[in-house]
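According to TrEMBL, the feature ATP binding site maps to A:Ala10, A:Tyr11, A:Ser12, A:Gly13, A:Gly14, A:Leu15, A:Asp16, A:Thr17, A:Ser18, A:Ala37, A:Gly118. What TrEMBL lists as L-citrulline binding site is A:Tyr88, A:Ser93, A:Asn124, A:Arg128, A:Ser180, A:Ser189, A:Glu265, A:Tyr277. The L-aspartate binding site annotation in TrEMBL covers A:Thr120, A:Asn124, A:Asp125. Marked as domain 'Arginosuccinate synthase-like N-terminal' by TrEMBL: A:6-167. For A:179-398, the entry in TrEMBL reads domain 'Arginosuccinate synthase C-terminal'.
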Number of protein chains: 4
Amino acid sequence: MSDVKKVVLAYSGGLDTSVILKWLQDEYKCEVVTFTADIGQGEELEPAREKAKKFGVKEIFIDDLREEFVRDFVFPMFRANTIYEGEYLLGTSIARPLIAKRLIEIAKMTGADAISHGATGKGNDQVRFELGAYALNPEIKIIAPWREWDLLSREKLLAYAEKNGIPVEMKHKAGGSPYSMDANLLHISYEGRHLEDPAAEPEEDMWRWTVSPEKAPDAPEYIELEYENGDPVALNGKRLSPATMLAELNRLGGKHGIGRLDLVENRYVGMKSRGCYETPGGTIMLRAHRAIESITLDREVAHLKDDLMPRYASLIYNGYWWAPERVALQTLIDHTQSTVNGWVRVKLYKGNVIVVGRDSKTDSLFDPTIATFEDDKGAYNQADAGGFIKLNALRMRIAAKRKHR
Amino acid sequence: MSDVKKVVLAYSGGLDTSVILKWLQDEYKCEVVTFTADIGQGEELEPAREKAKKFGVKEIFIDDLREEFVRDFVFPMFRANTIYEGEYLLGTSIARPLIAKRLIEIAKMTGADAISHGATGKGNDQVRFELGAYALNPEIKIIAPWREWDLLSREKLLAYAEKNGIPVEMKHKAGGSPYSMDANLLHISYEGRHLEDPAAEPEEDMWRWTVSPEKAPDAPEYIELEYENGDPVALNGKRLSPATMLAELNRLGGKHGIGRLDLVENRYVGMKSRGCYETPGGTIMLRAHRAIESITLDREVAHLKDDLMPRYASLIYNGYWWAPERVALQTLIDHTQSTVNGWVRVKLYKGNVIVVGRDSKTDSLFDPTIATFEDDKGAYNQADAGGFIKLNALRMRIAAKRKHR
Amino acid sequence: MSDVKKVVLAYSGGLDTSVILKWLQDEYKCEVVTFTADIGQGEELEPAREKAKKFGVKEIFIDDLREEFVRDFVFPMFRANTIYEGEYLLGTSIARPLIAKRLIEIAKMTGADAISHGATGKGNDQVRFELGAYALNPEIKIIAPWREWDLLSREKLLAYAEKNGIPVEMKHKAGGSPYSMDANLLHISYEGRHLEDPAAEPEEDMWRWTVSPEKAPDAPEYIELEYENGDPVALNGKRLSPATMLAELNRLGGKHGIGRLDLVENRYVGMKSRGCYETPGGTIMLRAHRAIESITLDREVAHLKDDLMPRYASLIYNGYWWAPERVALQTLIDHTQSTVNGWVRVKLYKGNVIVVGRDSKTDSLFDPTIATFEDDKGAYNQADAGGFIKLNALRMRIAAKRKHR
Amino acid sequence: MSDVKKVVLAYSGGLDTSVILKWLQDEYKCEVVTFTADIGQGEELEPAREKAKKFGVKEIFIDDLREEFVRDFVFPMFRANTIYEGEYLLGTSIARPLIAKRLIEIAKMTGADAISHGATGKGNDQVRFELGAYALNPEIKIIAPWREWDLLSREKLLAYAEKNGIPVEMKHKAGGSPYSMDANLLHISYEGRHLEDPAAEPEEDMWRWTVSPEKAPDAPEYIELEYENGDPVALNGKRLSPATMLAELNRLGGKHGIGRLDLVENRYVGMKSRGCYETPGGTIMLRAHRAIESITLDREVAHLKDDLMPRYASLIYNGYWWAPERVALQTLIDHTQSTVNGWVRVKLYKGNVIVVGRDSKTDSLFDPTIATFEDDKGAYNQADAGGFIKLNALRMRIAAKRKHR
């Protein structure tokens, strides 16, 4: 444990990473650099600076990464209509590669030889942090205290904190673990506590970002999203930066009870786990993106994307954002989005995201003269379908004849 | 056109197929057998018998296929969590293979050498009927009047009907085409009219099976579904036959404004088309089936199914139910469902289907002793994750070293 | 048949397309432009000019497309290690999109409103020509005489030729059809005649490009291929243009009896057909490209390519070169090739292509310090494998415990 | 290290596993059960019994698993035309799951609580053994000495052997490590030594099972293989058991210089490694199986299999034979083989496996009346192709029109 000179810690300012900060100083006798990012989790960051200072940290990084997060991670992912296991919008997964990248950048700037994080040894996040870090700097040392130390129970952790003068909020002391939560501009997640019984319904007061559909407004709200190259660029006619767009969609979705999810997922490390998620803006974006693609994307390109999507989703879920196969898939996905331009109208109402219209002045492949049920004046020759069916059936007819022989 | 002796017509009793009935008699000078199926479309079938008799039809088949439809077509499809193009639940597609099968069976029973149907030359249904028919009887002749005759405009069709004493309902006379609709136990669909403008919102009075979320009850309703081998077998503790199950879920979903869909889809024959769908029971089943799979299915089996699903969906959409590749995929899918046993609790509320609990006494793979955030007493060794990550990162580290060299 | 003013005919100068030329003039009363391409088929092209002149053709195009063919079609295809149905190297399929492109270009230059070709209605080539043409010019008219005329038997065709003063070579007169052959720089193919019995071995004197392995030299020959971005650029140290490279590899492969293939394939139009192929240079390139990729491509990128390859091969086989999904896949494939640089040494001997060495100064991912069976001085920590296995096994252990309960 | 009571060791009788035997007795102070399997590696097994006895082993298992190996592992794998990374026939990979299964069976029979094997911590085999073992008995303890001990260099191992009276053959003493080899009825493999330089050609005297193509007979040999349900059951008219069939094909292939392979592969544990393989019989079987499938398998079923094959191959390569996703895929694969019946004629000559004929009395889908280039008397209507092409082109034409607008 003695060969680390300086370590960059992903530091939230909360209890766990504060304990880690101290533990790193004690166990590794090394200098600690803290890095705290604003990725839209909705917490004040300045207290983290104060706390770090108290531990004698000299190099403190506090970065606003919200625009980069949405522009370079969230939006590219939504271009693929990404969903993991049919339900999960990957809100946690997509933030980790950015943190990993920034940790490595700061390590380079500060001359640190190691990084550290507060993810446990049971979860996916350790994998996402570390695969990213190794891909970006193969020589980096990684310290994952949860896999090393003996503070595995809540009690031991609290005891260590108290012994070392780390402030513990009342909620932690007052019996019972809190939910394990993670938040960023895309979502907030909940795990642990009585969610560990997958048969039990979550308590209403757990949810933080959305009202319940029951408490959402009785009047629906219509919004119009404009897309360019597969990304939403304007809301109700107003151009918004990526982070502002997502924040605004979160506000709208949250208001209308949109984007709650309760599921059991399969972790990369091998066990099933139950999680609850709120992804209000993302839920709107997913539906809207599919809608704009539905009139601007070629059928076979769309199907190719659908066939590849689960693989792409697993790559992100498992932490392979910085792996070459994810980049290769992204190249294909991004290439397909050049025609994904136009607008989508969506109705928001008590948990529902209802697409009610979509069009593209420049790229619509919807051809009303052909699709019509009315007389099409020869745009489509119905007799062609006979030959189409005959040849598509040929192999089956030959096989059936063989069988009946 | 002279070599057909007897033709089995898929006959609804409506205007279009009545015109076809007469046209077949006139053009092909052949005997017509009518076949009318109850697949849960919610219409009286006896009037079809009376109408057929008036045309002098001697062999009239009216079959209740509802149980077979749900048991052998709908349920197998839902075992795969099937969705076409991210949205469509394939309500029309899944009924066609059954009709094709029954047409061929009746042709055999009655000694007919041909079958006929009322699907147009622009749509998917002609393909589904005919691919199925050819696969089951490679020698069958197929008459698709819409691809042959000159009654392509609404006016000509009405004129032909009036000339031949075919009753035309008031709604048809009163200006404007009706929606092109299709219904069965799984869904009802709408196409045509002002839906041909994909930018326009559907009129509220188009929808027939569901109330709008706005008009749905203010109180949520909880239901519990029990699954055996991937199929729902009991609702709120009461065992139901497949068709009864789906009918009951339709009732519940319809009551709570669940299952409306408005989309632009890619037809197999090459154009985009706009359709609206109501699939109340199917929408509930899709969510519930994913939920029960989430605790009973192995991760990699679930991912394999997810990877194959879009292909399986396209096969059904395109009419390949009776093709050997669909059967091969079904063999895999059905094999995976032997452990999909347990129950799911779902909350229905104003368009929302919210999974709130799931469990399986016999097959749950959710292991709380491992998944827990609390002390797991050694069930899982966190240090293992270090090696797991290191080896998964190895190829990326080697590549990064190469690059940095 | 009267609305065509000018048609561009893909004209080989042979019997069939000469009959077509005359037939077009007679039936369509339209002007005919001929287009003859050198894509390495190894035949003189000037006679085609003379023949066309005799028919009164005023616009005659004779183009050397060899470099474009190899550079823009063959090489991109080989970047994907493309094989159709496990065996076929797609020699015919890959030439058609280029012909289609050039036909459309010439139609534009000459103001023609139609194109025509000599492919039959049973084969894949009509599909490849026409899908390409429609994709590049959606308004083009296409005349496929074999699907229209009544000259379907050999006798009728010869009679028509004689009646119209079209010279018929002795071989055609002397009983029996010739093989249906197709040749270009990538391959020569044979179909028909007694190949129509898939149980029968091809006659030795059918093969034209390669000696039999039995007659190949008794001494092996070593060659070294250098790759840049996935394409072979130098042979035995000498830089060669794409077409020259392929021609030279054909010479070497042909000399050593390499690249014969005898198979039954599944045509896009629905039937199985038996074909024999000689692809000497392509067979060498396929093995060599896999070899250079084996040390320069990341594992997961290589596997992604392998997973997508059969789909990409089917697209080319079926004629979708100019379709957007092929272009999307190509974008991914080409992206992966930026590291595929280095050399491969191959031994050629009596039908065998034996890779005996491969390396890359700039991009090798082969790390001898890690791969070694000798002491690796800590480059790889064997203990990591324990955790790797444990976590990969976890889901199976949980399932097994459940089963044993 | 003290909690193991009895361990079943996969024991070859060679140097490495003899050292392990002793080391287990010394380090774990536990009883050792030895298990030696005949899977066709071509070595005497009785010496292993004698050696085990000398170490005081009381329970010695020596099993002839050849028929089970070929019938239940090799043949099922070949039904899928399985190749890893375009080249490797998985000879080592496919034997490991059987060993794992037998180790677990013997552990149960003897009341052992652990198993042990001689695979190193760098390779794939440890993964294959252990994933299999864990899947079959989740409670089993696994001892992998190479990941635990400090005998990592050849010198230390030899020293340990000498110190403990373990006989060391001359070849081991005489400087330099031997190749790391593995053999079973399907193949023999070579790794290590100067193969660790992927640029270097293997020495001719390394190869053990095949003559070089140069030294193979000058006269070709024709053989005929008969298939039932996708498995070869008779050779030249003589029914053979699975193991006898493979042994005989090995003899024939070896005689004709067939089945040598020299490649760089990607290991599951993350590095590239160079391996050479001889798979004479398997190389023949792969070509012959594809040939019989080419006339008996539906096109889309064949393509589905081709699309899934790389994934299936990776599962086997990575050690997931006993995982549920492999079983699910096998269910699909086996289902497709019910029509794979018939015969294939193959010519063997100096390294070449040349398919020269194939047929199936019962299941051929090759229809000469349709495939013929001669007059087909209306079996196929060429005009159908026009409609087929038109509809397949429709989406591209619509897109092209949009672009040209």
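Heads up, the Cβ atoms here are built off N, Cα and C, so glycines get one too.
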Need the DSSP three-state call for A:Asp16 (ATP binding site) to compare against my parser. helix
Out of A:Ala10, A:Ser12, A:Asp16, which of these binding-site residues is nearest A:Arg128 (L-citrulline binding site) by C-alpha distance? A:Ala10
Within 10 Å of A:Gly118 (ATP binding site) (Cα to Cα), which of the binding-site residues A:Tyr88, A:Asp125, A:Ser180 do you find? A:Asp125
On a count of neighbouring CB atoms within 10 A, which of the binding-site residues A:Ser18, A:Thr120, A:Asn124 is highest? A:Ser18
State the count of C-beta atoms found within 10 angstroms of the C-beta of A:Asp16 (ATP binding site), not counting that atom itself. 19
Find the shortest Cα-Cα separation between A:Gly14 (ATP binding site) and the binding-site residues A:Ser93, A:Asn124, A:Asp125, A:Ser180, A:Ser189, and name the residue that gives it. A:Ser180
Take the C-alpha atoms of A:Glu265 (L-citrulline binding site) and A:Asp16 (ATP binding site) and report the distance between them in angstrom, rounded. 25
Binding-site residues in contact range of chain B, given that the Cβ distance is under 8 Å, out of A:Asp16, A:Ser18, A:Tyr88, A:Thr120, A:Asn124, A:Tyr277: A:Thr120
When distances run from the Cα of A:Ser18 (ATP binding site) to each of the binding-site residues A:Tyr88, A:Thr120, A:Asn124, A:Asp125, A:Ser189, the nearest one: A:Thr120
How big is the Cα-to-Cα gap, in Å, between A:Asp16 (ATP binding site) and A:Ser93 (L-citrulline binding site)? 20
Pairwise CA distances across A:Ala10, A:Tyr11, A:Ser12, A:Gly13, A:Gly14, A:Leu15, A:Asp16, A:Thr17, A:Ser18, A:Ala37, A:Gly118 (listed as binding ATP) top out, in Å, at 16
Setting A:Thr120, A:Asn124, A:Asp125 aside, what same-chain residues sit with their Cβ within 8 Å of the center of the Cβ atoms that define the L-aspartate site, listed in sequence order? A:Ala119, A:Lys122, A:Gly123, A:Gln126, A:Val127, A:Arg128, A:Arg267, A:Val269
Given the binding-site residues A:Asn124, A:Ser180, A:Ser189, A:Tyr277, find the one whose Cα is closest in space to the Cα of A:Ser12 (ATP binding site). A:Ser180
Per DSSP (three-state), A:Gly118 (ATP binding site) is coil
For the L-citrulline site made of A:Tyr88, A:Ser93, A:Asn124, A:Arg128, A:Ser180, A:Ser189, A:Glu265, A:Tyr277, how many Å separate the two farthest Cα atoms? 19
Any idea which of the binding-site residues A:Tyr88, A:Tyr277 has the thinnest Cβ neighbourhood at 10 Å? A:Tyr88
Other CB atoms within 10 A, centred on A:Ser189 (L-citrulline binding site): 19
